[in-house]
Amino acid sequence: MGIKAALPRYELYLYTAVLGLALIWAGSWIFEASSENVNRKAFRESVKPGWHYFGRKMDVADFEWVMWFTTFRNHILFALAGHVIFAKILTLVAPKHRSFIFGLYGGLAVLVTMGWTFMALVLSHCIILYSVATVKSKLMCFAAGLATLASIKMEPYNSWQESLVTGSFDLQDLLFYGGCGFSIMRCMSFGLENCEKKDGNYKFSDLLKYNFYLPFFFFGPVMTFDRYHAQANRTQLTRKDRELWNITSKALTHLGVVLVVDFFFHYLYILTIPSDMKLVTKLSDWCLAGLAYSNLVYDWVKAAVMFGVINTVATLDHLEPPQPPKCITMLYVFSETHFDRGINDWLCKYVYDYIGGDHDRIFRELLATLCTFAVTTLWLGPCEVVYIWSVLNCFGLNFELWVAKLFSLPPFSTLERMMGGAMSRRVRGVFNAANFWAIVLYNVLSLNSLEFAKLAGGRLVLKGFPLSTLSVLFVTYCGVQLVKERERRQALLDEPEPVDGGKKKAE
């Protein structure tokens, strides 16, 4: 009800000022903690010399970020650039066979990078899951796919399969689990789409062309087979107006974001500090809140940039890949929370929406979320932290539905109508602010540690009450209202209100 309700402009200015000052305040605490403890023994492994003209050490705790943009940057750029050049030249020569060209280059690149034993392992997964797909039973496709996924996520099967890959290099583990994991998810998508095909089956070559598209192979995102098959086999290849300009600007934006993140890593050790629990216990409540929030923002930025680089290449190939995830700052409901839109789209299509339907029935929604998070747990790799993360987020998603159902009934619905749109938006904002911190605390445990999440939650909710708790919630409330204002304006652009005041058109 309250999304289209406008708030006074001065109120929005106040929210902006409060939020800006709070972010500067929390950032100053993190900067102080970073500067005063740079030489701590616990920091030696993850705080290394950075850019020499800054004269400061740099937080290098995130292996993925360092791998992508420092250590193996040239290798990744070389592989992707080779794909773009190879695919572009041969696509101009034979546009009808471009999906075959994509698969051929990807297969050769995987073979050269990982060796023939890894290629044989991936092909064996493809053969098994293709054979099951020809039976055209969704249940069998799911069972075979999840069993295959479990074989690379659970001991002792994963260690046995990993031992088949010969050679040793720094990225071997990451490429092995990324390549096998995403390959199995693509094979499951292929099988489930094949069950929907009314006349006959898709060819095995269709699966191989889909699976070995290089930009998506090791790091994702997952693009469902129906979308990829339709887009990769288009012969009429045209560009929208200013599309190349948009691709270029996005690429430059990603480069700018990388530089900004590296700059901040010299001054704010947001990844290293939470790993030192002795230091964390001495920090202020505002510093803890800032660390928890900034870790989730950073994880979103990392996902947005990494997927953005891959999506830029895919867009050059005339594909429409899954978009980067929604920024954590814009989230205040569990139903929109995800960090990998490709996996999220896959889960929604084949599990969550398939079982949940319109998501209006409580017990059906509960079953849909339980199944969704069960698959997600297997995808992430079963362990204690993942179990806790899944349970908390599953509860959060269902609790939202229960509360929405409750407040849609009298007397709450009557009360909301009586208070008007603006006041309804303010009241909802209070609940959304609390929900935002539930999202942060439920997800920060998977990014840092369970101990850090418990300490941050205890300090912000229990020990910090009422001053820290209420002040942090008020700042969050200000942020939520600014997000709601952005959504309100976007809704008006998408569905402009009638200029004639709602009068019927003359017949």
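Just so it is clear, glycine is given a Cβ too, placed from its N, Cα and C backbone atoms.
The transmembrane segment feature in TrEMBL is assigned to 12-31 (among others).
What TrEMBL lists as transmembrane segment is 75-93 (among others). Beyond the ends of the transmembrane segment (75-93), by six or more residues, the same chain brings 68, 101-102, 105-106, 109, 113, 214-215, 237, 309-310, 313, 316-317 to within a C-beta distance below 8 angstroms of the stretch.
Long-range contacts of the transmembrane segment (100-121) within its own chain (CB-CB distance under 8 A, at least 6 residues past either end) are made by residues 79, 82-83, 86-87, 90-91, 94, 161, 164-167, 172, 175-176, 179-180, 205, 208-214, 217, 232, 317. Residues or ranges marked as transmembrane segment in TrEMBL: 100-121 (among others).
The transmembrane segment annotation in TrEMBL covers 127-153 (among others).
The transmembrane segment annotation in TrEMBL covers 212-230 (among others). For the transmembrane segment (212-230), the list of distant contacts is 79-80, 83, 99, 102-107, 109-110, 174-175, 178-179, 182-183, 185-186, 189-190, 193, 196, 202, 206, 306-307, 310-311, 313-314, 317, 319-322, 340-343, 345-346, 349: same-chain residues at least six beyond its ends, Cβ to Cβ under 8 Å.
Annotation source TrEMBL lists transmembrane segment at 251-271 (among others).
What TrEMBL lists as transmembrane segment is 427-445 (among others).
If you look up TrEMBL, you'll see 465-483 (among others) marked as transmembrane segment.
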Discussion item. Can you work out which residues elsewhere in the same chain, 6+ from the ends of the transmembrane segment (427-445), have a Cβ less than 8 Å from its Cβ atoms?
Written reply: 2, 292-293, 295-296, 328, 331-334, 337, 385, 388-389, 392-393, 396, 400, 403, 416, 419, 452-454, 456-457, 460, 472-474, 476-477, 479-481, 484
